[in-house]
Amino acid sequence: MTSGSVFFYILIFGKYFSHGGGQDVKCSLGYFPCGNITKCLPQLLHCNGVDDCGNQADEDNCGDNNGWSLQFDKYFASYYKMTSQYPFEAETPECLVGSVPVQCLCQGLELDCDETNLRAVPSVSSNVTAMSLQWNLIRKLPPDCFKNYHDLQKLYLQNNKITSISIYAFRGLNSLTKLYLSHNRITFLKPGVFEDLHRLEWLIIEDNHLSRISPPTFYGLNSLILLVLMNNVLTRLPDKPLCQHMPRLHWLDLEGNHIHNLRNLTFISCSNLTVLVMRKNKINHLNENTFAPLQKLDELDLGSNKIENLPPLIFKDLKELSQLNLSYNPIQKIQANQFDYLVKLKSLSLEGIEISNIQQRMFRPLMNLSHIYFKKFQYCGYAPHVRSCKPNTDGISSLENLLASIIQRVFVWVVSAVTCFGNIFVICMRPYIRSENKLYAMSIISLCCADCLMGIYLFVIGGFDLKFRGEYNKHAQLWMESTHCQLVGSLAILSTEVSVLLLTFLTLEKYICIVYPFRCVRPGKCRTITVLILIWITGFIVAFIPLSNKEFFKNYYGTNGVCFPLHSEDTESIGAQIYSVAIFLGINLAAFIIIVFSYGSMFYSVHQSAITATEIRNQVKKEMILAKRFFFIVFTDALCWIPIFVVKFLSLLQVEIPGTITSWVVIFILPINSALNPILYTLTTRPFKEMIHRFWYNYRQRKSMDSKGQKTYAPSFIWVEMWPLQEMPPELMKPDLFTYPCEMSLISQSTRLNSYS
């Protein structure tokens, strides 16, 4: 063996081993190699816009160029590159067409008469090869209007007002390859109208008013490759072979029509068809053999129709299919073996479809699948062998984390801690406070308990976020369908509804006692306890009803990772949507309106009673303090509920709401009331401040006595709360004299300003 031969073999084997070192890297299921290095990354780190491999390999080949785009590049681009239609165009830019209309432009053998208000086809010399008559006023094409243009190859008639075309209108156009009739008013094409167009390859008739077509319509189109009938009003396709006179047809686009069903005979002669687009029609039924003749089909687009059921073997003959779009159909169930025959499938779109029976078995046979699109990113866990799975997030969660944003992951703990601490602090203080108004104290404790549940809800969400950190996608679907998620979601609704009802109850109490001090009805202890119990029972009923009937409410709380049913899902039943609207735009909106109206009336009433006061300056100061307190109470309610009302209202109008909105609302906006209620209703009130001062004074006195070695008996830690009256003569300070706020308000209406100062 010569040295040259040895060098040749070394070179060949060197390249082989070098290549194999990267391509033969074996990664476990759900992981994919980083090009030519021995490193594997999980599915969620591929095609995420970040160079996680270090050599950009995880971001290479992320574009989905399968289906029509690949077919276009493969056939049309290469074909027209090889067959240049205008070899003289660059060499002869001057006009070579004789008798050109004054308003038209000419270059070489191309004529441009766009937007020249032409009402008929102009008469020019017969050597023209391209004629553009767009944006004119042409209403009809009479017989033989193009008969002299034997060399015409491109004809543009878009955006005219064409309503009728004579059967002989295109007679003589033996060289025509592209015909554009888009954006006109054509309602019918007579059979044989294209009879002389034997070389026509592109026929574009989109955005017209065609209501029916038949095989004879396309008689003579032996060379047709592309037929576009988008956005017409076709209601059905013929039950005869559609491609009978179009044997070379590769691309058929019927998007945006009103087609209801597809017949078995329609595509029986379309054996060369590679792209079939049927999206945005009204197809509700498919026969098992509908696509059987289309054995060369590369892309099938059935998105945005009304298909509810897929026959089990409907795709069995589509062995060459590389792209399938079934998105946004109300498909009830997908068979486990639905895609078994699509061995070459590379792109699968299932967006907008709730796959209740999803399982890995559905996608396991699709070994060439590189792109898959779901309604929920949680479904990506059922296709771990697919490199690119979308969506990566729902705005709330991501493939890695239950809470996608680092800000949310931090603040869920901060907000929950503040909420729980504030409310527990107030609850724990109550046993040490001797209050003359026990009923009000009871209501405040009840409110704190409800608000504390919101903090517990956020703690649980934060805890599960920690538990699933870095691998949430593996657990996402099970988590949202779990009992834990259902209970956590119901806990949030329980907290929300009880808090809303209690705030309304407390507000109405204040309203009656201040606005109608001499007519207020005293409910008494028994009635107050009954009201509080009824509020909690109502909250429990509202929160747990969705758990009682799964068939009616479906997965009511499990529509997102935070288990909060803020906005409607497409898959929700009508009853569940009505129920959700009744809560947020019924109970809560009514309560918010009552609170705003009541506080406005209270302030107005106090302001009116202060007009006759002698100490005007003092009254103005007290009114300002009162106004500030009322403002902050109403403002926090508005800050919490107005965004929620807006989101719910928009979802009712079917406006698409980003998932990020839901997560920010749940973590930052919804807990506002729960976190601030202890501050507004307890910690900033005058009795609390006086109690703190008294406690501090007693503490300093005791410390002073102890330092002098004297024994002292300091008064016990007491907070005497007089709500809404907080300044009373000593002779009226008797436990049995005033037991309810309304009675105290009878003494003097002018002293009401002290209630909130």
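Including glycine, each Cβ sits where the backbone N, Cα and C put it.
For CYS485, the disulfide partner recorded in Swiss-Prot among CYS420, CYS428, CYS563 is CYS563. Going by Swiss-Prot, the topological domain containing GLU288 carries the same name as the one containing ALA576, and both residues are therefore on the same side of the membrane. Cross-referencing CYS27, CYS34, CYS40, CYS62 with Swiss-Prot gives CYS62 as the cysteine bonded to CYS47, criterion being a recorded disulfide. The record in Swiss-Prot pairs CYS53 in a disulfide bond with CYS34, which is drawn from CYS27, CYS34. The record in Swiss-Prot lists a disulphide bond between CYS40 and one of CYS27, CYS95, namely CYS27. For the domain 'LDL-receptor class A' (26-63), the model gives a mean pLDDT of 70. The closest partner of VAL50 (Ca(2+) binding site) among the glycosylation sites, by CA position, is ASN368; the full candidate set was ASN127, ASN325, ASN368. On a Cα basis, ASN264 (N-linked glycosylation site) lies 49 Å away from ASP52 (Ca(2+) binding site). If you compare Cα positions, ASN264 (N-linked glycosylation site) sits closest to ASN272 out of the glycosylation sites ASN127, ASN272, ASN325.
The DSSP secondary structure for ASN272 (N-linked glycosylation site) is coil. Tertiary proximity for the transmembrane segment (444-464) is limited to same-chain residues at least six positions away from its ends with a CB under 8 Å from its CB atoms, namely 402-403, 409, 412-413, 415-420, 423-424, 426-427, 430, 479, 484, 488, 491-492, 494-496, 498-499, 502-503, 506, 532, 535-536, 539, 562-563, 667, 670-671, 673-675, 677-678, 681-682. For the transmembrane segment (410-430), the residues of the chain that approach it from at least six positions outside its boundaries are 403, 441, 444-445, 448-449, 451-452, 454-459, 461-462, 465, 667-668, 671, 674-675, 677-679, 682-683, 719, judged by C-beta separation under 8 angstroms. Using a 10 Å radius centred on the Cβ of ASN368 (N-linked glycosylation site) and all shown protein chains, the other Cβ atoms total 14.
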